[in-house]
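Heads up: the structure comes next, in structure tokens.
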């Protein structure tokens with residue numbers, strides 16, 4: 001599990017949109033994940049508490065942004081957020097728990113890694129991990145709630161970077177091009193080379209490729 005976190009000072013006087021702050025004194029963290037669907041690599045989650053005094057322009061669902069915009073916003077989030085935390089669940093955890101429970105585990109780790117204790121976690125999707133604080137699931141939240149948008153960007157960029165590093169070790173799979181998703185290129189490489197230790201053997205295409213070489 002890789003975790004990064006960042007503390008900052010107190011909040012200023014400006015306000016965020018209503019979706020981010022439900023009541024005076026509420027400290028909201030947005031939570032999102034990247035990497036539920038790929039055949040390889042960890043699932044990564046991020047939690048972000050934005051600073052009302054330092055708004056970040058252009059936040060959106062990471063999937064709606066170009067790679068260049070995600071990288072720029074990643075740097076701004078890291079610089080301006082009150083707190084952020086990025087965590088993951090490993091391929092081994094995905095295979096032993098299943099992808100849903102591994103995703104919930106990564107989200108829990110991200111929230112617990114925050115240096116600022118939130119009072120409410122807003123989670124992208126339709127279910128919440130077990131947390132010690134209140135939580136709210138918001139379908140499509142990564143396009144609606146700025147702190148969830150920020151979390152989606154941190155999770156996506158972090159995971160993409162991880163897969164680029166994996167590509168250096170296993171260039172035959174093309175991880176730098178598809179981030180582990182089941183593209184035709186990736187499936188062809190699986191059939192030709194078989195899976196590596198970073199492939200999720202609980203996922204059917206990987207399991208089938210593994211069976212071919214046994």
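In case you wondered, yes, glycine gets a Cβ from its N, Cα and C as well.
Per Swiss-Prot, divalent metal cation is bound by 32, 33; the candidate from 124, 160, 176, 211 named for the same site is 124.
Counting only residues at least six positions away in the same chain, the Cβ atoms of 43, 44, 45, 46, 103, 106, 107, 124, 155 sit under 8 Å from the Cβ of residue 33 (divalent metal cation binding site).
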